[in-house]
Structures are given as structure tokens and as C-alpha cells.
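> Taken from Swiss-Prot, the feature Ca(2+) 1 binding site covers ASP21, ASP23, ASP25, CYS27, GLU32, and the record attributes it to sequence analysis. Annotated Ca(2+) 2 binding site per Swiss-Prot: ASP57, ASP59, ASN61, THR63, GLU68, in sequence order. The Ca(2+) 3 binding site annotation in Swiss-Prot covers ASP94, ASP96, ASN98, GLU105, and the record cites sequence analysis as its basis. The Ca(2+) 4 binding site annotation in Swiss-Prot covers ASP130, ASP132, ASP134, GLN136, GLU141 and rests on sequence analysis. Annotation comment: Swiss-Prot describes 8-43 as domain 'EF-hand 1'. For 44-79, the entry in Swiss-Prot reads domain 'EF-hand 2', with the evidence type sequence analysis. Residues or ranges marked as domain 'EF-hand 3' by Swiss-Prot: 81-116. Under the heading domain 'EF-hand 4', Swiss-Prot lists 117-149.
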Amino acid sequence: MADQLTDDQISEFKEAFSLFDKDGDGCITTKELGTVMRSLGQNPTEAELQDMINEVDADGNGTIDFPEFLNLMARKMKDTDSEEELKEAFRVFDKDQNGFISAAELRHVMTNLGEKLTDEEVDEMIREADVDGDGQINYEEFVKVMMAK
């Protein structure tokens, strides 16, 4: 499954894995998964977290290692982002629910994920997605960026 991923995708997923793997031991625990999900405004129960881990925990050790994570991501990509998942993701970023993601909102979410970005990096991310040049990202622009990944 993971062998169908490009090198770019693999390195992108490695970066995402590192965001989850807070202590850097090469495994994602339910605690680490919960921390990241809560920072994104989700509120999973312990049982839900355990289910998510069990779903991809091939060796049954109760954690997700990088190869297991890659398989999960490859599976998720095959399901391709449903409209509902994209709307949900957009809502996570659009803190004030005004239909736009501002630089401040983007910075806030990225900081919660443990990504320390400079103002330049945040502005660059906005510029890349901001088709109509209004300095923020609307839903259509967000979908374009997410589908291009």
C-alpha cells in the first residue's frame, strides 16, 4: 500500500508523523494522538483513540510506528478526502467561522500543532493558496490546495 507513495509524500508524512510523535521515540501512543487531535479542536474519547491506533497497529504493540502510519496515510489517500472531511478541516482553521482563513488563524493552528512558523512562512502559505489575492483563504481555495496534495 505505502509503496505507491511518492518520495515527496513520504517526506511530508514523515513531518506529520514527527508532529504526532512528541517524544521522538518513533511511535505514536494514544496519549500523543489525543494531544494532537485536541490541539485541532477535536475531543476524542480514550476508546476512540484506542480504536484509531488498533485500526493500523499491524504488530499489535499498542502504538503506531512510521511504516504503520504510512499505510494509514496511503489508505486515507485512496479514500480521498470526502467533501465533509474538507469542510471539517476548513472549520478547524477558520476560528471565527467567517468563511475565510486569515494569516493569524493559520499561524494559530500551526502553533497548536507544534509548528513554529515565521511570519514570512505563514504569509507564503497564504500566498500559495490565495488565488483571488485578498490576503486570506476561502473555502474554494482551501479545497484546491488540499486536492493538489
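Numbering starts at 1 and runs along the chain as displayed.
A Cβ is built for glycine as well, from the same backbone N, Cα and C atoms used for every other residue.
Give me the local environment of each listed feature.
Sequence-distant contacts of ASP21 (Ca(2+) 1 binding site), defined as residues of its own chain at least six apart whose C-beta falls under 8 angstroms from its C-beta, comprise CYS27, ILE28, GLU32.
When secondary structure is read from DSSP and collapsed to three states, ASP59 (Ca(2+) 2 binding site) falls in the coil class. Within its own chain, ASP59 (Ca(2+) 2 binding site) has ASP65, GLU68 as residues 6 or more apart in sequence whose C-beta sits under 8 angstroms from its own.
Cβ contacts within 10 Å of ASP96 (Ca(2+) 3 binding site), excluding its own Cβ and spanning all protein chains shown: 10.
According to its DSSP assignment, GLU141 (Ca(2+) 4 binding site) is helical.
Same-chain residues lying 6+ beyond the ends of the domain 'EF-hand 1' (8-43) with a Cβ under 8 Å from its Cβ atoms: 2, 49-50, 52-53, 61-66, 69-70, 73, 77, 92, 109, 112-115, 149.
Each residue in the domain 'EF-hand 2' (44-79) has a pLDDT score, and their mean in this model is 85.
In terms of DSSP helix, strand and coil, the domain 'EF-hand 3' (81-116) has 21 helix, 2 strand, 13 coil.
Within its own chain, the domain 'EF-hand 4' (117-149) has Cβ neighbours under 8 Å at 12, 81, 86-87, 89-90, 93, 99-103, 106-107, 110-111, counting only residues six or more beyond its boundaries.
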> Between ASN98 (Ca(2+) 3 binding site) and ASP23 (Ca(2+) 1 binding site), what C-alpha distance do you get in Å?
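For ASN98 (Ca(2+) 3 binding site) versus ASP23 (Ca(2+) 1 binding site), the Cα atoms are 36 Å apart.
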> Expressed to the nearest Å, what is the distance separating ASP57 (Ca(2+) 2 binding site) and ASP25 (Ca(2+) 1 binding site) at their Cα atoms?
16
